[in-house]
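Asks: Take a look at what TrEMBL says about it:
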- 1-27: region 'Disordered' (REGION)
- 44-64: transmembrane segment (TRANSMEM)
- 95-117: transmembrane segment (TRANSMEM)
- 166-190: transmembrane segment (TRANSMEM)
- 197-216: transmembrane segment (TRANSMEM)
- 260-279: transmembrane segment (TRANSMEM)
- 300-320: transmembrane segment (TRANSMEM)
- 367-388: transmembrane segment (TRANSMEM)
- 409-427: transmembrane segment (TRANSMEM)
- 439-463: transmembrane segment (TRANSMEM)
- 470-492: transmembrane segment (TRANSMEM)
- 512-534: transmembrane segment (TRANSMEM)
- 634-653: transmembrane segment (TRANSMEM)
Amino acid sequence: MNQRILKSMEASRTKEPRQRRRRGRHAESTCSCSMCRPNRGTVAGYFLAGRFMWWLPVGASLFASNIGSEHFIGLAGSGAAAGIGVGAFEFNALVLLQLLGWVFLPVFIASGVNTLPEYTKKRFGGRRIQTYLALLSLILYIFTKISVNLYSGAIFIQQATKINNLYLSIVFLLVMTAICTVVGGLAAVIYTDTLQFFIMIGGSFYVMIKGLYTVGGYSELQTKYLASIPEKLISNSTCGLPRVDSWRMLRDADTSVSDMPWPGFLLGQIPASIWYWCADQMMVQRVMAAKSLSHAKGGTIFAGYVKLLPLFIMVLPGMIARVLFPNEVGCVDPDECFKFCNSRVSCSNSAYPKLVLEYMPSGVRGVMLSVMLSALMSDLTSIFNSASTLFTMDMWSIYRPRAKQREQLLVGRIFIVFLVVISIIWIPVIEQTQGGQLYIYIQAIAAYLAPPIAAIYCMAIIWKRMNEQGAFWGLMSGFVVGMFRMSLDFYYGEPPCNEEDNRPFIVAKVHYMYFATILFWLTVFVAVTVSLLTKAPEKWRLIRTTYFTRYDRRERQDDQEMREWKQNELMEVGQQDQDEAEHIPHRDTPWYQRLYNCIFGFDDSEKAQEQAMAMNEHIAQLTTLHQEPWEKNLLNVMLVIIIITTVACYTYFSINPFTEEEVKEIQRKKLEELGYHDLL
């Protein structure tokens with residue numbers, strides 16, 4: 001069997017690309033069973049689902065991995081507090097997902113990498129950039145993504161169960177999520193995401209329709225939201241009144257009157273979002289699991305269209321909740337807020353749970369609880385699997401460069417358990433976090449840490465002259481400046497709305513979106529300067545690692561190393577010592593050994609080895625980036641349509657349906673009903 005594998009590997013080195021495409025299609029049919037149960041005993045099978053996923057589960061997994069419980073809580077809460085502006089973040093993904101599918105992903109696939117930090121090693125050489133990016137991603141996963149999901153999920157559970165101690169529930173959720181990820185790998189995560197996608201969409205649509213019916217329709221919601229003022233206000237203050245621009249998405253450029261400045265969003269938020277959608281392992285890993293480049297692009301197109309929905313199924317329900325519960329959801333007095341939701345800052349984050357639990361029928365409450373838990377588990381399984389991939393491929397390989405296949409798979413699964421433990425330890429910090437501040441800070445953290453990463457990946461793909469020194473010092477300079485601003489934000493905090501802002505100028509006057517713009521171009525400047533002052537990268541490192549060389553079929557100096565690694569994968573995966581296997585019948589294997597092999601996906605059968613061999617042939621064929629002409633044309637048409645749709649949506653929702661005078665008149669009448677006569 002091993003001789004056959006060696007011959008197959010030798011053949012894969014010598015046959016022409018056309019032959020590899022033909023063999024790849026044969027490999028696809030050979031491994032069709034991977035669509036249902038990919039070989040979990042290989043790195044590609046466990047971490048990348050064997051790369052046999054079609055466009056629907058890829059797109060559904062992209063959406064489900066992005067939409068966690070923090071979106072139901074956070075988007076609805078922001079909608080309740082400030083209107084539809086937060087929907088701009090969702091529309092942003094329509095185009096950036098296509099940037100991933102058409103620009104970034106072809107380079108990642110052609111380079112033959114499994115993780116994004118691994119791409120930087122291939123593009124620049126050295127280990128320090130790869131290690132830094134992997135470590136930074138793990139830190140962000142543990143202390144932001146996991147914590148935000150647990151915090152927002154905890155709010156919903158607290159509202160539903162009326163209990164304050166959430167440790168048991170959160171620990172149970174974490175354990176169930178970790179078991180799903182450990183046993184199944186990325187294939188299980190993607191299939192779970194696909195199922196949860198339909199649950200989330202269906203349940204959320206019902207809540208939106210029921211809520212709109214309750215308030216009298218969309219036009220009535222527009223007027224009633226502007227009048228959703230709590231009965232108890234802070235004396236002589238307009239704090240707590242809905243914003244004049246509540247129904248405008250991209251708002252005034254002046255941050256003294258705007259929380260969503262349109263220049264800052266277009267120039268600053270886009271770099272942060274490029275990192276999330278195009279250069280973050282958790283998102284890119286789903287698309288890299290596609291069976292072909294066409295299916296990957298189809299997945300990004302599908303996910304892009306679905307990203308139109310959160311404005312309607314998450315933001316609008318939050319605004320509906322404020323209309324129905326102005327005193328609770330719209331509270332502004334600290335004592336009143338604490339009475340309603342145990343937070344002295346705001347109760348806007350309770351908008352979605354309160355709407356579901358107070359206005360939905362009992363059966364729908366149960367469905368929506370499952371939707372929230374599905375969103376929580378979907379996000380956590382994605383984070384666990386991606387973090388496990390980063391640790392195994394980019395960090396463990398430094399400590400154990402000759403680690404065998406079994407060791408890599410075992411370490412990846414054990415690291416998930418480690419993440420669970422860290423998450424449980426983080427729970428007390430989450431429970432002590434007041435109001436919506438954690439969610440707000442997380443949005444700013446992306447603006448402080450992500451632009452340098454986005455800048456380096458963009459330049460690595462489109463600028464051949466950038467070298468390792470330029471990339472590294474660009475990252476370091478951006479990291480130091482971003483951490484400095486983030487530290488100031490945490491130290492000073494944001495003053496209440498009726499107090500004077502005495503924070504330093506860079507914190508009080510420079511909006512985090514504008515800061516992200518500065519940080520992005522600072523990183524570009526440092527990277528360009530250092531690259532031009534130092535030696536150019538070796539020409540062979542540019543082969544299949546830039547957008548302009550993605551079709552270059554020349555041999556790289558590190559191709560031999562990659563072939564040996566794949567050969568070892570084939571020969572080591574799930575394979576016991578061959579002499580032992582020849583003399584010990586399968587029925588004599590102890591039951592606990594068989595259970596261990598079953599759980600962790602180790603399989604030493606000839607069929608499993610043939611499956612692994614076909615899988616690697618298929619992956620080799622993927623690097624040719626082959627697309628049928630009709631697929632390419634159809635996808636390009638869909639790309640144009642989605643770009644036009646995005647521009648149309650931004651334009652339509654950025655036109656305020658009310659003048660400032662009309663808004664003040666609506667609010668003046670409501671204030672007079674409440675006994676406030678001279679506030680406006």
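Sequential numbering from 1, following the chain as shown.
Cβ coordinates are placed from backbone N, Cα and C, and glycine is handled just like the others.
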Asks: Which sequence-distant residues neighbour the transmembrane segment (95-117)? Criterion: at least 6 residues beyond either end, Cβ under 8 Å.
Replies: 43-44, 47-48, 62, 123, 129-131, 133-134, 137, 270, 273-274, 277-281, 283-285, 287-288, 293, 296-297, 299-301, 303-304, 307, 389-390, 393-394, 457, 461, 544-547, 550-551, 562, 619-620, 622-623, 625, 639, 642-643, 646
Asks: Are there residues at least six beyond either end of the transmembrane segment (439-463) with Cβ under 8 Å to its Cβ atoms? List them, or say none.
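Replies: Same-chain residues near the transmembrane segment (439-463) but 6 or more away: 70, 73-74, 77, 103-104, 107, 116, 119-120, 123-124, 129, 133, 136, 140, 144, 148, 151-152, 268-269, 271-272, 274-276, 278-279, 349, 471, 474-475, 477-479, 482-483, 485-486, 489-490, 512-513, 515-517, 519-521, 523-524, 527-528, 545-548.
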Asks: With pairs closer than 6 in sequence left out, are the transmembrane segment (197-216) and the transmembrane segment (634-653) joined by 3 or more CB pairs under 8 Å?
Replies: no
Asks: State the non-local partners of the transmembrane segment (300-320) in its own chain: residues 6+ outside its ends, Cβ under 8 Å from one of its Cβ atoms.
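Replies: Result: 55-56, 58-60, 62-63, 66-67, 71-72, 75-80, 83-84, 86-87, 90-91, 93-95, 97-98, 100-101, 105, 201, 204-205, 207-208, 211-212, 214-215, 221, 225, 246, 287, 348, 351-352, 355, 635, 638-639, 642, 645, 649, 653.
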